[in-house]
Amino acid sequence: MKIKFFIKRTLIFIFILVTFLTYIHGYNEPWYKNAIFYEVFVRSFADSDGDRVGDLNGLIDKLDYFKNLNITALWLMPIFPSVSYHGYDVTDYYDIHPGYGTMEDFENLIRKAHEKNIKIILDLVVNHTSSRHPWFVSSASSYNSPYRDYYIWSTEKPEKNSNLWYKKPTGYYYALFWSEMPDLNFDNPKVREEVKKIAKFWIEKGVDGFRLDAAKHIYDDDSKNIQWWKEFYSYLKSIKPDVYLVGEVWDNEYKIAEYYKGLPSNFNFPLSDKIMNSVANQKDLGIIEFLEFERELFGENNTDFADAIFLRNHDQVRVRTFFGGSIDKSILAGSIYLTLPGIPFIYYGEEIGMEGSKPDEYIREPFKWTDDMKSKYQTYWIIPRYNLPGNGIALDTEEKDPNSIYNHYKKLLEIRVKCRALSNGKIERIKTQDRSILAYKLELEDEKIMVVHNLNRIENTFNFNNEIKEKDILYIRNAKTEKNKIILGPYSTVIVKIP
């Protein structure tokens with residue numbers, strides 16, 4: 001009898017222990033905490049029907065490209081009907097841009113992406129609509145329109161921000177970004193309900209979340225913005241508990257931290273600048289100290305924050321162009337942010353070294369599948385200025401070169417998937433006398449990783465306390481190890497497991 005009682009108690013203890021360990025090992029951790037995102041401009045990516053405009057079926061055909069690169073989630077830039085090429089002036093929130101395909105194509109994309117364990121989030125642009133959206137057309141037509149209060153109107157032109165008010169026969173309307181993108185009036189409860197309805201529609205189609213365009217501009221008041229996003233996020237979680245929202249709050253770290261009161265994730269613009277400028281100056285400008293400070297700051301407002309890290313996006317000069325065409329510096333910048341905790345967002349073409357600068361169209365040029373640009377999937381909706389036929393910037397040339405940006409990214413992402421410390425570990429700077437050496441360690445449970453970069457164009461030496469064994473080296477580029485010493489070549493990176 002005593003033996004049976006002992007066995008029973010032991011089994012109960014084991015069950016409780018296993019349950020506890022399963023919990024603390026992140027079994028219930030949100031999927032996005034370990035995601036690797038790829039931002040894709042559908043128009044420029046892959047054409048399936050020969051009209052030279054990228055489309056959803058082209059994306060479907062290229063899902064294995066993402067899978068092979070270890071991409072686990074896609075952010076689709078706007079895919080709704082719109083007037084402009086970029087899609088940020090929406091005319092219908094419940095349909096697909098006809099140049100991109102049909103709703104059936106979209107549903108097929110969601111299904112096939114999910115079959116390959118690739119999540120999809122949409123760019124949700126709700127700060128404003130197109131001036132040709134039926135809501136605004138009606139709103140501008142009459143004082144008595146049921147949609148009049150969907151937008152912000154004034155009978156007279158206000159003195160404050162007068163350049164942001166535009167005239168119609170029925171009054172002046174407010175448009176922050178452009179006259180043809182009038183701002184919605186979120187003080188109107190009907191507008192807030194419309195936005196929830198839109199999001200619900202796409203979640204029911206199978207999307208996994210949204211990138212929130214212009215998240216800090218919904219109201220001209222941060223506290224009201226935060227309250228709205230809190231309300232919106234709470235509503236979506238009631239429909240889809242694991243929904244992912246990431247805000248575009250293009251501001252300093254203090255402002256971004258405030259928005260963590262309402263959102264689970266925000267893009268880390270200041271960190272991006274810190275990394276890019278450090279590589280450009282060949283000197284660590286305090287990347288890790290800054291990141292540690294930010295993470296503490298973000299955690300004060302949201303203990304479960306998910307930091308969205310990146311180098312550049314669709315509004316900024318491309319990475320390689322920023323570095324004057326330098327492949328080594330482009331690889332180094334990628335090596336840094338892809339070995340930091342957070343959720344990395346890769347801008348399409350970054351991984352093959354595409355170039356581009358303002359105006360915006362030329363930051364969003366066609367993805368080059370082959371150097372001659374004759375692939376059947378090649379888009380050509382705009383004549384490129386930077387990524388021209390025969391200039392060597394293309395996937396096929398990158399794949400063949402073992403030292404290419406593409407193969408470097410592929411290897412780094414493979415390591416990131418295997419080593420969870422890189423995504424979610426506690427990070428700590430390893431002090432060095434020379435600021436051209438950036439060294440840090442990441443720790444998660446029993447996994448410890450050390451990363452060392454040489455930001456300089458000249459050789460450097462890094463001394464470590466313990467001997468570095470070959471079996472513990474996860475990645476080494478342009479460097480070599482000698483017992484407890486690393487000889488770092490120009491713009492080199494070493495990733496190693498440590499005791």
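Cβ from N, Cα, C; glycine included.
In the shown protein chains, 18 other C-beta atoms lie within 10 A of the C-beta of D213 (active site, nucleophile). In the three-state DSSP scheme, D213 (active site, nucleophile) falls into the coil class. Annotation source Swiss-Prot lists active site, nucleophile at D213, citing similarity to another entry.
Residues annotated as active site, proton donor in Swiss-Prot, with similarity to another entry given as evidence: E248. Summarising the environment of E248 (active site, proton donor), the number of other Cβ atoms within 10 Å of its Cβ, over all protein chains shown, is 21. Reduced to three states, the DSSP call for E248 (active site, proton donor) is coil.
The C-beta environment of D183 (Ca(2+) binding site), restricted to residues of the same chain at least 6 apart in sequence and closer than 8 Å, consists of N127, H128, Y151, I152, Y174, A175, L176, H217. D183 (Ca(2+) binding site) carries a strand DSSP state (E or B). Swiss-Prot lists N127, D183, H217 with the feature Ca(2+) binding site.
Annotated site 'Transition state stabilizer' per Swiss-Prot: D315, in sequence order. The Cβ of D315 (site 'Transition state stabilizer') has 11 neighbouring Cβ atoms from other residues within 10 Å, across all protein chains displayed.
When Cβ neighbours within 10 Å are tallied across all protein chains shown, the highest count among the binding-site residues N127, H217 belongs to N127. If you take the Cα of E248 (active site, proton donor) and the Cα of D213 (active site, nucleophile), they are about 6 angstrom apart, rounded to a whole number.
Compute the center of the Cβ atoms of N127, D183, H217, which mark the site for Ca(2+); besides them, the chain residues with Cβ within 8 Å of that center are H128, L176, F177, L184, A214, I218. A gap of 12 Å separates the Cα atoms of D213 (active site, nucleophile) and D315 (site 'Transition state stabilizer').
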